[in-house]
């Protein structure tokens with residue numbers, strides 16, 4: 001059965017999206033991403049040498065033939081994000097964009113007001129916008145209404161590896177959304193990625209948990225397998241949760257004859 005994910009003009013077989021930060025080397029990053037099976041990777045514009053011919057990150061990403069999703073990490077408001085997006089489109093030749101606006105450098109919480117403002121402007125400018133946001137069901141609907149191709153609510157703070165601390169809100173967002181929901185930030189273990197997929201998320205984005213693992217290549221593969229398992233479980237429909245016990249084996253009536 002085909003179970004591809006379609007976002008705007010692209011179709012993906014893998015539902016694991018990945019980041020490129022924090023890896024020790026470009027080569028290590030490449031092998032981890034390859035092992036994960038990821039087809040879409042996000043990269044911060046500030047990490048790319050636009051004028052350079054041999055940028056390390058881009059060299060390895062092009063070798064893997066990944067789809068690039070530039071992000072506006074570092075932008076503090078809508079104006080800066082739109083400027084960064086324009087540079088990214090010119091430098092990388094893609095209108096796809098992960099919109100990130102977080103003015104607080106300590107906790108990196110996304111600014112909902114500036115994000116909505118920037119999203120509306122960028123969609124009108126022809127960008128395929130995937131906004132990183134709080135797990136706010138109302139905000140997600142507003143972003144959907146202005147034309148975002150997907151929404152990317154956080155599971156917990158960026159790089160925290162705390163997992164799905166926003167689970168209750170993620171469930172509401174997934175239930176109400178008419179665009180793909182990609183759980184982004186805070187996923188620290190393959191089991192947490194599987195959990196997000198079991199909830200019905202269209203995809204997850206993972207970076208830190210892979211990049212700082214003891215064996216990044218093995219962890220990449222583990223995340224790829226976990227996402228597949230979680231998606232399969234969701235499609236198979238999980239058994240209902242019950243407070244009562246239910247025997248898995250039938251009662252044996254012959255015992256009554258003893």
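The count begins at 1 with the first shown residue.
Cβ atoms here come from the backbone N, Cα and C positions, even for glycine.
Now, the feature entries from Swiss-Prot:
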type     : residues                : note
ACT_SITE : 98                      : active site, schiff-base intermediate with DXP
BINDING  : 159, 185, 186, 207, 208 : 1-deoxy-D-xylulose 5-phosphate binding site
For residue 98 (active site, schiff-base intermediate with DXP), the number of other Cβ atoms found within 10 Å of its own Cβ:
27
What is the total of other Cβ atoms whose distance to the Cβ of residue 186 (1-deoxy-D-xylulose 5-phosphate binding site) is within 10 Å?
23
Compile a sequence-ordered list of residues in the same chain as residue 185 (1-deoxy-D-xylulose 5-phosphate binding site), six or more apart from it, whose Cβ lies below 8 A from its Cβ; state 'none' when nothing qualifies.
132, 154, 155, 156, 157, 158, 159, 160, 205
Position of peak Cβ density within 10 Å, selected from the binding-site residues 207, 208:
207
Where residue 207 (1-deoxy-D-xylulose 5-phosphate binding site) falls in three-state DSSP terms:
coil
Around the recorded 1-deoxy-D-xylulose 5-phosphate site, report the further residues of that chain (criterion: Cβ within 8 Å of the mean position of the Cβ atoms of 159, 185, 186, 207, 208; site residues excluded), sequence-ordered.
19, 157, 158, 160, 161, 187, 188, 206, 209
Can you tell me how far the Cα of residue 98 (active site, schiff-base intermediate with DXP) sits from the Cα of residue 186 (1-deoxy-D-xylulose 5-phosphate binding site), in Å?
17
